[in-house]
Each structure stands twice: as C-alpha cells, then as structure tokens.
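Accompanying notes for the structure given below.
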C-alpha cells in the first residue's frame, strides 16, 4: 500500500495587516473609531425602533433584526482584527479559527437574506398595498427572520466542514459556491422586486406621488447597492498575488464599513427614523427639565 504524508495543522499565524508596516497604528485608530461608531449606531437603531411605537412596522422590524445581526457580526470579527494591528503574528488555534469562521458565515448570510426580506416588504408595500397586512404579517416576518438565520446556519456548516476537511481545490470550489449562492440569490430576488417596484412607481400619475413612493425605497436601495457591491468584489473577484493589499482592503471595507452604513443611511435619509430620534431626544430634555 502506498502511504501518503499528511501534516496536521493545529494553529495558524494571524498576519493581519503586517504588510502595511508603519501604517498599522493609524489603521488601528481609524478602524477602532469606525467600530465604535458602528456599535453605537446600530444599538441606537435597535433601541429607537423598540421604544417608538411609530416604528413598530414590518420594515423596521427587519431593520432592527439587521442592525442586531450587524452588531454581533462586527463583534465576531473586528476585535481580533484590531488586536492584529497592535500585536504582530498572533497565533489562532484551529478550533478558534473554525468557530470564528462559522459565526462569520452565519451572520454574513443572515444579513444578505434580511436585506432580501426588506426588499420583499417594499415590493408588497408599493405593488400590493391593500394586502400588505396579510402578505407581511407578524408570522411572515418571523418566518423570514428564521429562514435567513437557518440559511446562514446551513451555509456555515457547509463552508466550515469543507474548509477543514477537503483538499485545497475542493475548498476553493465550496468557497465560491457558498459565496455565489449567498450573494447572487438575494441580489436576484431583490432585482426582481425592484423591477416590479419601479414599474408600479412609473404608473403613478403625479410626480409628487412617484417621488414619495421612491423615497420609501431609497434607504434600502442605497444599503443594498453598497452592501452587495462590496461583497461581490471582495468574495467573487478572482484572487491574485499581485493584488493582496487591494483584496485585504476590500475585505475590510465589507467587514467594517458596510455595518456602519445601516445606521448612517437610515438616520440621515429616513424621515421616520429621524422623527423618532427627535421625539426621543425631546422626551429626554423634557424629563430633564
């Protein structure tokens, strides 16, 4: 019998941003500031949706779930990344790497399909408003949330099992398969939703009516474009040894910048959230006085 040599891997060396040399401290300060803003913004979004009854609607239920998921998502990946900027060549155990990857894939997939659920909500609200309470009932919302998390769980099991059991070529195939499914399926569904949405908006007689209808989708559409744009470039673009720094920066953009996008976009562009924040701040001042 022919015997094959295998090398058992027990830990990895976390290189992090060592290729950026003297800029690591600057990157640490910038990323830490963004991280704190992301956590603060998403916590504020979740809290304001919970306490303000005007935001107790399916759209904001999905937004609160997305903000919660984004918060945990950053907690899973960013602290270790920040420590890697301060301490070079950090080791990470095989079990630790698998655990971090498992939760990263669950939450990243969950975020993608929650954005799809929000697209469905906008489709029903604009294209079939008379049946909105039936088609986007509380039970349907819970089903979407559970389905998003369940899909993330399945993708995480497949991805992690493949990464730590298959050969390199098999791992690459599974990696692209999971990434393609998680990105292309939600993008396809959202695209179909917006084809119907735009078609319906264009049929509205008044310009004011068209503007008002589109305004209800603007925040979601902005988040979708940036989120899937960064994800597609970071995970579907072929990797090259000549573009290691670019690939790393794209991954960081997806990991750190996109979670910050939700509170920024929904706070600055969304009138209902801005009004809720004003009401909350007004009540606080009133109680203080």
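Here the Cβ of each residue, glycine as well, is placed from N, Cα and C on the backbone.
Given the structure is predicted, the values throughout are model-derived calculations rather than measurements.
TrEMBL annotations:
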- 25-48: transmembrane segment (TRANSMEM)
- 41-266: domain 'G-protein coupled receptors family 1 profile' (DOMAIN)
- 102-120: transmembrane segment (TRANSMEM)
- 140-164: transmembrane segment (TRANSMEM)
- 176-202: transmembrane segment (TRANSMEM)
- 214-236: transmembrane segment (TRANSMEM)
- 248-268: transmembrane segment (TRANSMEM)
For the transmembrane segment (248-268), could you work out the same-chain residues 6 or more beyond its ends whose Cβ comes under 8 Å from its Cβ atoms?
17, 19, 31, 34-35, 37-38, 40-42, 44-45, 63, 66-67, 70-71, 73-74, 77-78, 81, 219, 222-223, 226-227, 230-231, 233-235, 237, 274, 277
Looking only at residues six or more beyond either end of the transmembrane segment (176-202), which have a C-beta under 8 A from one in the stretch?
105, 108-109, 112-113, 115-116, 119-120, 122-123, 126-127, 155, 158-159, 210, 213-214, 217, 221, 224, 228, 231-232, 235-236
Average model confidence [pLDDT] within the domain 'G-protein coupled receptors family 1 profile' (41-266):
85
